[in-house]
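What follows is one structure encoded as structure tokens, with my remarks underneath.
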Amino acid sequence: MASESETLNPSARIMTFYPTMEEFRNFSRYIAYIESQGAHRAGLAKVVPPKEWKPRASYDDIDDLVIPAPIQQLVTGQSGLFTQYNIQKKAMTVREFRKIANSDKYCTPRYSEFEELERKYWKNLTFNPPIYGADVNGTLYEKHVDEWNIGRLRTILDLVEKESGITIEGVNTPYLYFGMWKTSFAWHTEDMDLYSINYLHFGEPKSWYSVPPEHGKRLERLAKGFFPGSAQSCEAFLRHKMTLISPLMLKKYGIPFDKVTQEAGEFMITFPYGYHAGFNHGFNCAESTNFATRRWIEYGKQAVLCSCRKDMVKISMDVFVRKFQPERYKLWKAGKDNTVIDHTLPTPEAAEFLKESELPPRAGNEEECPEEDMEGVEDGEEGDLKTSLAKHRIGTKRHRVCLEIPQEVSQSELFPKEDLSSEQYEMTECPAALAPVRPTHSSVRQVEDGLTFPDYSDSTEVKFEELKNVKLEEEDEEEEQAAAALDLSVNPASVGGRLVFSGSKKKSSSSLGSGSSRDSISSDSETSEPLSCRAQGQTGVLTVHSYAKGDGRVTVGEPCTRKKGSAARSFSERELAEVADEYMFSLEENKKSKGRRQPLSKLPRHHPLVLQECVSDDETSEQLTPEEEAEETEAWAKPLSQLWQNRPPNFEAEKEFNETMAQQAPHCAVCMIFQTYHQVEFGGFNQNCGNASDLAPQKQRTKPLIPEMCFTSTGCSTDINLSTPYLEEDGTSILVSCKKCSVRVHASCYGVPPAKASEDWMCSRCSANALEEDCCLCSLRGGALQRANDDRWVHVSCAVAILEARFVNIAERSPVDVSKIPLPRFKLKCIFCKKRRKRTAGCCVQCSHGRCPTAFHVSCAQAAGVMMQPDDWPFVVFITCFRHKIPNLERAKGALQSITAGQKVISKHKNGRFYQCEVVRLTTETFYEVNFDDGSFSDNLYPEDIVSQDCLQFGPPAEGEVVQVRWTDGQVYGAKFVASHPIQMYQVEFEDGSQLVVKRDDVYTLDEELPKRVKSRLSVASDMRFNEIFTEKEVKQEKKRQRVINSRYREDYIEPALYRAIME
């Protein structure tokens, strides 16, 4: 029968229907009809109502309707992959919204055909964020309209309200959406994979993209491949409605899709598990809600829900299974109802429209539920649920994650503009002869707000001006010390997709960056350097480009050469010309290749990795004295004492280190970079990681922690292969150990073919007998290395975490091209090893939070426990330094100290401030956890809150038992009992004699580090017998003394509010 159903709309194209008025009257029957025609296979269908039907006579009287929470949609990304962030704005009326939507800034651009408008949408998606009046509770239907009234569709979804008295806004109540040009809805399926209906009341059209339900898993795999960080945090992250993928990307990866434009006065129907996305052409108003048929029940039972937020919509399927699948109810409750969904089959209600041979198989004793029988839906067999005693309760359909961003921070600062078009960029060749211009203080402009890309959205070709009269002169040491220098800090912005320069004038002591003076260049055009994605075309040798504002200045990143220890030197005219030629040649090569991978090339002569070996005769080799060696006190660094690269090679120490790491989860030297993240976020490792000593070294299989995108991502290029050749079907990979150096890796992480995974396997370095070679990107030995440029070697983990490093052969994870790493990365100083080494070496990464300048080598950060986790494309790894660690996670990670009676602690007083107090006694209280019928939960109910039975006398209900809960608002709600939790409570007494009973989470010991929120409200009682200390409503805090800015640096001053917003 399935084969016959596949003949219905076999191409899974979006179908359009034109019902007559008679057909249009019965909504549920017409939905069954369009499914009998195969409309559900596309995941989306259009229905054009009869011309004589109108839901409302006029829309002239809605101007005063209030949009309570408009959202501004900020989009970041490039090359067809985007993330949408929603920022909540203040309430406005429809009149105000229309005025904004039709203004010159937000109005629809001119276009001749839809394809042109579609190109403009995807090209300008990240510019000029629009405002969306979404999720407005209400309807524009007139009360007398019964046909297709979105407020009362009378489908089986009404059972949710009839059985439990629960209404969920936007799910079984209508929502209004006021759109403008470029407002978007990201790729998603409906909550609980329900059907949805969308009617466009008036205004400009709305474009839709749809992926057939039978190909939905392929779209999910593609999204997880490009956004592994989001996928690890939440299995159903697409339900967050933040992911936009262009049709070109879908076509590129062979995912079937279709598109359609909805005009005013037309309906769109989405079907279960039908992924859809789209955008508005201009000012319009739409209304939508969800509904269900009997076919949806199986989808609802198997829907994968968002696990990271408790406020996501969740509907109990109990009532639906009992009513419509009674013979499968017990099996389903036991978790054994494993039905495979056939997306091609129409709903059972479509039987009357199908021939006998096309009828879908009936599931047992399912009975029809015609629309006219809905009033008596409660009257079922013996096992039917009783109607809840609870009154109506309003839930909320959580559509979008909104960010609160201070108004002081400009949007261009938070989300830099990036040109996403396919325009070609040409650079005129630099002249060989450059006239001298002496570096001065004014040749360097200070930039505190970050450099943004010039806006080239309206141009078809961009040419960089020829640099004239540019030269670097040699300066003696006195002149270098006298001149002001540019202190560069390079930060991979966590949202913007680029690195940001922030400059500061030279001070007596620099917190970051090289301690030497920098060279400066003057020119006719001011320049900056966007150091963004992997393989974008930079060789990291010389980078010259133009600011949006031209004021006649140029800065050039120079290679790290050394003069007398760590001092930098200037370029000669001939050297600069050679470097420029090499850079221009690399640009031409990259332009010809159009993103295709190129074989490893030799590093340029002035590359820092080349210069590191060119140590002058008067430079002594770096050695630590015995006194310095004995100063090691930090616990994380003690096991590494023999592994620093400034010490003599010690292969036995490396081997011992590798053996130790092999015994620790996740047992892979490459996956180790995500070790801290998994321990903190998931409370350790699952059983798949196991104990390495339990199984034979060559037989153990575990699941790698590193997503494939971390190896394949090339930043701005999306030409990547998301296949994993050495992974098993269950996602695990075999662990192999080198017989010589004992390093242990996953075959997939290191690129070991299954045929070579034997007990005699040797890593690449041992196979090449390069036992004294070290990683050129960090300062530690040990771990898994692969070959890089010029016979150098790099840690695979270092290559993964450094955005611009590139695996040439992705399957084999080698060789690694490090030539595209920008020069300023090599100038960063690692906060962990700068005290342990006399000179800077290797290449650092930085904290991903805002503009945090904290820098560290990948291997140092991993050893010190810095949290690194997979990030979303185009980034690879998201790094959180110790300064930005979440306090709650830090406190939860370590076991809380036990507290005894009589102990002095710090806790929150009833006046809202924290004081020192004494623990009087310890008690144990029992709290109940329940799941409410609307999907919400509570884990701190008192036994007396359960009103359906006397829990104080008879104890807690059985797990899964339906109970009635009296909430704090005095209403009674239906819920299911989950568990009872005995919690240790502490009765504390403050110095004023007042006592409180608090949980352990609300108590801090005197030797415990207090969170910032506690420190800010910490007070000490005075000696005045506490008069009015504990009773006053607000305790005034001592004001921080205002800092006076030196007039010399007044132009460099940042407003405190802006600084706090940036750092947050």
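Every residue, even glycine, has its Cβ placed from backbone N, Cα and C.
What Swiss-Prot records for this protein:
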type	residues	note
BINDING	Tyr132, Asn198, Lys206, Lys241	2-oxoglutarate binding site
BINDING	His188, Glu190, His276	Fe cation binding site
BINDING	Cys234, His240, Cys306, Cys308	Zn(2+) binding site
COMPBIAS	366-382	compositional bias 'Acidic residues'
CROSSLNK	Lys471	SUMO cross-link
COMPBIAS	509-532	compositional bias 'Low complexity'
MOD_RES	Ser523	phosphoserine
COMPBIAS	616-634	compositional bias 'Acidic residues'
ZN_FING	709-767	zinc finger
ZN_FING	772-805	zinc finger
ZN_FING	828-885	zinc finger
DOMAIN	955-1011	domain 'Tudor 2'
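Known features from Swiss-Prot, placed on the structure.
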| residue | record | Cβ within 10 Å |
| --- | --- | --- |
| Tyr132 | 2-oxoglutarate binding site | 24 |
| Glu190 | Fe cation binding site | 26 |
| Asn198 | 2-oxoglutarate binding site | 23 |
| Lys206 | 2-oxoglutarate binding site | 25 |
| Cys234 | Zn(2+) binding site | 17 |
| His240 | Zn(2+) binding site | 22 |
| Lys241 | 2-oxoglutarate binding site | 20 |
| His276 | Fe cation binding site | 24 |
| Cys306 | Zn(2+) binding site | 19 |
| Cys308 | Zn(2+) binding site | 13 |
DSSP-derived structure type at Lys206 (2-oxoglutarate binding site), helix or strand or else coil: strand
PLDDT averaged over every residue in the zinc finger (828-885): 87
Shell list (Fe cation; ref centroid = CB of His188, Glu190, His276; cutoff 8 A): Phe185, Trp187, Thr189, Ser196, Thr270, Gly274, Tyr275, Ala277
Integer Cα-Cα distance in angstrom, His276 (Fe cation binding site) to Cys306 (Zn(2+) binding site): 18
Close in space, distant in sequence - His188 (Fe cation binding site), Cβ under 8 Å, 6 or more apart: Leu238, Arg239, Lys241, Tyr275, His276, Ala277
Secondary structure composition of the domain 'Tudor 2' (955-1011) [DSSP: H/G/I, E/B, coil]: 3 helix, 32 strand, 22 coil
From binding-site residues Tyr132, Glu190, Asn198, the one whose Cα lies nearest Cys308 (Zn(2+) binding site): Glu190
Alpha-carbon distance [Asn198 (2-oxoglutarate binding site); His240 (Zn(2+) binding site)] in Å: 20
When distances run from the Cα of Cys306 (Zn(2+) binding site) to each of the binding-site residues Tyr132, Glu190, Asn198, Lys206, the nearest one: Glu190
Cβ-based neighbourhood (8 Å from the centroid) of the 2-oxoglutarate site, residues Tyr132, Asn198, Lys206, Lys241 excluded: Ala134, Tyr177, Gly179, Thr183, Ser184, Phe185, Gly278, Asn280, Ala286, Ser288
DSSP residue counts for the zinc finger (772-805), split into helix, strand and coil: 9 helix, 9 strand, 16 coil
Spatial neighbour of Glu190 (Fe cation binding site) that is closest, considering only the binding-site residues Asn198, Lys206, Cys234 and their CA atoms: Asn198
The zinc finger (828-885), counted residue by residue under DSSP: helix, strand, coil: 10 helix, 12 strand, 36 coil
Near-site residues: Zn(2+), ref Cys234, His240, Cys306, Cys308, CB cutoff 8 A to centroid: Ser230, Ser233, Glu235, Ala236, Phe237, Arg239, Ser307, Arg309, Met312
Between Lys206 (2-oxoglutarate binding site) and Cys234 (Zn(2+) binding site), the C-alpha gap once rounded to whole angstrom: 30
